[in-house]
Amino acid sequence: MTLFKPEYVQKEFYTGGHIERIWTPDGHNLLCQCGPRVSILNIETTTLAGTIPKRTESVKTGDEEDEEDESTDSVIVFTLDPTGKNLITSHKSGLLCTWDFNERKLTKSWRHLHKGPVTKLSITSDQIIASGGTDSIIRLWQSEKAHCLYALHGAQGLISAMKFLQLSKSEYWLFAADLQSEIHVWNCDDGKHLFKLQGHFSTVTELAFYKKQYLISCGRDKVVILWDLESKSQLKMVALYDCLETMVVLPEEGFYLQDLNDELKNTHVIPSGICVAVGGENGELHVWDVKNNVPISKGCNTDSQSIKSTKSITNMIFNETRSTLAICYVDNTVTLQSFGPQHSKLTLIGSNDEILDVALLGNECSRSLAVAINSCDIYLFPWHKKKIESDGDCEIDKVELGVCCKRLKGHTDTVLCLASYKNYLISSSKDHSIRVWLYCNVSRTANCVAIGTRHTGAINTVAVSKSLDFIVSASTDTTLKLWKLPKTFKSDEHHILSVKLTEVGHEKDINSICIAPNYQTIATGSQDKLIKIWSASDLSVLGVCRGHKRSVWCVRFSPIDQVLLSSSADTTLKIWSMADYSCLKTLESHDSSVLKGGFLNRGTQVASCGGDGLVKIWCLKTSECIATLDKHSSKVWALSIVDDGSIMITGGTDSRLVVWHDRTEEVRISEAAANQTKALQDQQLQNLLQNEQLLPALKMSITLERPNTALKIIQTLSKQGQGQDLKMVFENINQEHKERLLNYIVDWNSNGKYCLAAQLVLNILLEDIMLGKLTINQEKLQGLMAYSERHFRRLTTLMTNLQLLRYTTNCMAPHSSN
């Protein structure tokens, strides 16, 4: 039996919407909207630190996790108070909720009284909350009492931006922009409308302040406006020719910008005016001195992408403590760009798109996982291995990926397939090209060293020989090409790959290709239901495997036997003999197309994944499915087997990247140790019973889950008049054992022979039940009450009959003496 556990699941932490950055004593965190929850990402470790509301900690399948998210009251917008203690959330149900951020617990909830959803929230350090809704009304709340202080009128339509300005210790003004592109200002002390600012001609998307004297606003009318709050007038209007979505004010004491001519050099900028960084639809970061109307840094694409793959900037947050700007893109990626003296840039994947393929690169000490995520870029995640303690008190390896990655740019259309060996990565794309990437173990990144562009259609599949002599690729143009792989590459330019051989392979698209371990043969699987075996020397057809009823999705050679594995849309896997190309075995268990397969454990087992969202492990000797792994909720496109099956990586349409560890040996050792411990405890229990040490024996029988032994001991103690001693035993057992004992009572009480023992124990546990320390569900409670009433009636009848018998014997006593 093989036991795989999903010990790492890379889940999304940002799915679009609101995002905030905070500094807490325990680290650097990003708060992001993630589906119906607010996720908390630790920047130091690039791992998810938790969610609000919390997820249940029980192990779930992929479908069960999706159902849990669907039943959660979705968070529409949120904000964190300046102290970092309270998180305020607005929900789809119409509730405003206050959460203790440190404890992740709900402290208060109330109705927001708006006629529509709340789209904007803001909060002061005095815990005054402003909620802006689609009903054109802004409400001010006292957070502690959930009391509405004022309803602010004057705005028209949706509130697009809202912010507090603290003028003095207790005086606040509230600024809000509406659908008419006007900026309204209210006094928070009395709720009076003070004035409004007019200048924008489209939606105002962001408001910012500088020294309580200036207001800076930007909008989709492609301009940034500087306002003087004293004169309530417009000072400057800066045209940036970009629909602006977000803006931050940069430090007045100065910051560093990357030199465009030298990536390693930073330029120190000390502004003479008011510097802001703005971003929008074009995906360009503009750094501008709005007071002097001077560009500090011309608009440049911060993600260094081609025009075709440019992604809009949706949000930005600047953290002064670390001089770092977080830039959020429309594809839910977050770039952390340093504005300090040491230039650095990190890319965080908020939520994966559909995962099409994965491949592992590098040596044992410096590995990375290349992932094709329905994008023209390849994402490179660092492969972190750490030691964890298992149940058997021994350390085992566990792999984690995190959400921080590097992008490999070069393809101009979606990357469809990845193949790797050692430090070589081969990618194929819809742009009709293949690329060869050389991985560096030190920097954990890869550079494109060669390009091949001879196909006339999208290249569905590619493979590289372990001799690193050649590459084979197959395309929707139905051709099979063999490329010569050079031994050395030039560092300053891309090598152009030459095609050694070309053959028309199949009548329809070729879905999969693989190379035999001896590099002599090649196998292809196609939508024409056929599998063809080719000679690697001249691409001549050696044989054809017929038997699948629908398209063949994957073909793989065995690492040790002369057999071939294939998976198909007919929901089966087949094992083929390479001697006569006949079908040896057919494996059936999937309910949908089998998309990928592979050999593990030295060819004795097979792993497969399919459109049903399941990963299955097969034993080739018995042709049986020995394990079904369920962590995905949709099609599983990618399957990679590492270290002969000790680790598997899967990914699919649900955007989850799951790392499975083979824990068969660890579980076997743990079970053996548990059985040995249990045998020793059994012997100890027998010794206690033999020595008539009933009270210690009772405690051990509950620990070992021996209800019959516990019942006999309780009955014996009751007969010996030691029932009161039971209370001392039950006070010294933990909560789990008390709950277990309560379940035993429910069973014992249903039998008249054992009801006295059940009632004796129930009487002792009744105090914990009444205090709420022990809980019992409604069904079990009703059963206890029904049987207890029946026993009470029976015993009452018995006592009545005994009294009548005693009365009769007392009446007969004088006559019997005569």
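First residue shown is number 1, and so on along the chain.
For all residues, glycine too, the Cβ spot is worked out from N, Cα and C.
The following features are taken from TrEMBL:
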type   : residues : note
REPEAT : 111-151  : repeat 'WD'
REPEAT : 197-237  : repeat 'WD'
REPEAT : 408-437  : repeat 'WD'
REPEAT : 452-485  : repeat 'WD'
REPEAT : 503-544  : repeat 'WD'
REPEAT : 545-586  : repeat 'WD'
REPEAT : 587-628  : repeat 'WD'
REPEAT : 629-670  : repeat 'WD'
DOMAIN : 682-812  : domain 'U3 small nucleolar RNA-associated protein 13 C-terminal'
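Non-local neighbours of the repeat 'WD' (545-586) in the same chain are 508, 511-517, 521, 523-533, 592-599, 602-603, 606, 608, 610, 618, 620, 623, 644; each lies 6+ residues outside the stretch with a CB under 8 Å from one of its CB atoms.
In this chain, the repeat 'WD' (452-485) lies in contact with the repeat 'WD' (503-544); the count of Cβ pairs under 8 Å, excluding pairs fewer than 6 apart in sequence, is at least 3. In this model, the repeat 'WD' (197-237) carries an average pLDDT of 94. Taking DSSP states H, G and I as helix and E and B as strand, the domain 'U3 small nucleolar RNA-associated protein 13 C-terminal' (682-812) has 105 helix, 0 strand, 26 coil.
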